[in-house]
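Under the heading active site, proton donor/acceptor, TrEMBL lists Glu144. The Zn(2+) binding site feature in TrEMBL is assigned to Glu78, His96, Glu144. Per TrEMBL, the feature domain 'VOC' maps to 24-148, 154-282.
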Amino acid sequence: MAEASAPAVPSTELLEWPKKDKRRMLHAVYRVGDLERTIKFYTECFGMKVLRQRDIPEEKYSNAFLGFGPEESHFVVELTYNYGVDKYDIGTGFGHFAIATPDVYKLVEEIKSKGGTVTREPGPVKGGSTVIAFVKDPDGYLFEILQRESTPEPFCQVMLRVGDLERSIKFYEKALGMQVVKKVDRPEHKYTVAMMGYAPENETTVLELTYNYGVTEYTKGNAYAQIAIGTDDVYKSAEVVNLVTQELGGKITRQPGSIPGLNTKITSFLDPDGWKTVLVDNKDFLKELESK
């Protein structure tokens, strides 16, 4: 809490902070039932690399971080295995992750040869020319395989379903400083999507928010956890989120401060649909990586 003597920052000035802040999507966190099985699938089928692992026996869980490049510059997955839990409910709200590749057909053949489950064979999207496919990992998480000639970030999308797209767009613009990089309405299929991020979608990872006509609520399950985003000031960022939640809904679930034992400053919150985001101090995050 700010000291009584500290001057209050006007809300209009405070709301400018996310646009000036140095934001980057760091990782997606979700739970798996067999850590080694998932690591094997992601490295052999997707071509990801294991970047770091840690085991916390006193809290009965293990983590593995995997991606297509170093965490300092790439969006990665943070897999969590809770001792003794081999199954999770993904729910109806989580959609999929996406991986970009120059040759969808080739990658899907490799995934099939290693026993992977393909839920949509490669081919152009309905009404378009982009080649896509869908595969399912061992825990049931869907991955869209997306044709892209080249990209600095192959792990390129996290798709979540929302009940009010305009409200969600406003929330992510105001609370997180994201921009709508693409919006597509498909009335023939009764859905609208908004791609939100910090750069054009072919250059970075984006959040794909999907609104299905007339559907306002989804189940969250207990499998997908959150995305983490870097910030230069978790305290100021939390103040912004607090202001935005008062207008649009959502709530702060962890006040800004250091994680015990790690000294990494974070704050976390839920958006109006209940999707969780963790904001991580940029300098602390780099120190954490240096000490891995």
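Any Cβ shown, glycine's included, is placed from N, Cα and C.
Just so you know, TrEMBL annotations never went through curation; they're auto-generated.
The C-beta environment of His96 (Zn(2+) binding site), restricted to residues of the same chain at least 6 apart in sequence and closer than 8 Å, consists of Phe134, Tyr141, Leu142, Phe143, Glu144, Gln157, Met159. Summarised as a single figure, the pLDDT of the domain 'VOC' (24-148) averages 96. Residues in the domain 'VOC' (154-282) partition by DSSP class (helix H, G, I; strand E, B; coil) as 28 helix, 57 strand, 44 coil. Same-chain residues at least 6 positions away in sequence with a Cβ under 8 Å from that of Glu78 (Zn(2+) binding site) are, in sequence order, His27, Ala28, Val29, Tyr30, Asn63, Ala64, Phe65, Ala228.
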